[in-house]
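So that you can see what the record holds, here are the features copied from Swiss-Prot:
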type: DISULFID; residues: C11-C59; note: disulfide bond
type: DISULFID; residues: C15-C35; note: disulfide bond
type: DISULFID; residues: C21-C42; note: disulfide bond
type: DISULFID; residues: C25-C44; note: disulfide bond
type: DOMAIN; residues: 1-60; note: domain 'LCN-type CS-alpha/beta'
Amino acid sequence: KEGYPVDWGNCKYECMSDAYCKDLCVDRKAKSGYCYKLNWFCYCEGLPDDSPIKTNGHCRPGGRRK
């Protein structure tokens, strides 16, 4: 699957570089990832089905974990 990876607080990961997002996504067993520069959040492609991605729901800061 693909989408915006989230932390434990359901918050997307902000970014400025593709390298940061690629590392973050690969750590989550994705095939690749990049910084989607229209909104400055990491986007992953090829994630496992059980990997959490952004859906409906609010971000609850304090759950940030790489």
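Keep in mind that glycine also has a Cβ here, set from the backbone N, Cα and C atoms.
Within 10 Å of the Cα of C21 (disulfide bond), the following disulfide-bonded residues from the list C11, C35, C44, C59 place their own Cα: C35, C44. The two recorded residues C44 (disulfide bond) and C35 (disulfide bond) have their Cα atoms spaced 9 Å from each other. Per-residue confidence over the domain 'LCN-type CS-alpha/beta' (1-60) averages out at a pLDDT of 96. According to DSSP, C15 (disulfide bond) is assigned to coil rather than to any helix or strand. Local packing around the disulfide-bonded residues C15, C35, C42 was summarised as the count of other Cβ atoms within 10 Å of each Cβ; on this measure the leading residue is C42. Around the Cβ of C25 (disulfide bond), the same chain contributes P5, S32, G33, C42, C44, E45, L47, each under 8 angstroms and 6 or more positions distant in sequence. Between the C-alpha atoms of C11 (disulfide bond) and C35 (disulfide bond), the distance comes to 15 Å. It is C11, among the disulfide-bonded residues C11, C21, whose Cβ has the fewest other Cβ atoms within 10 Å in the structure shown.
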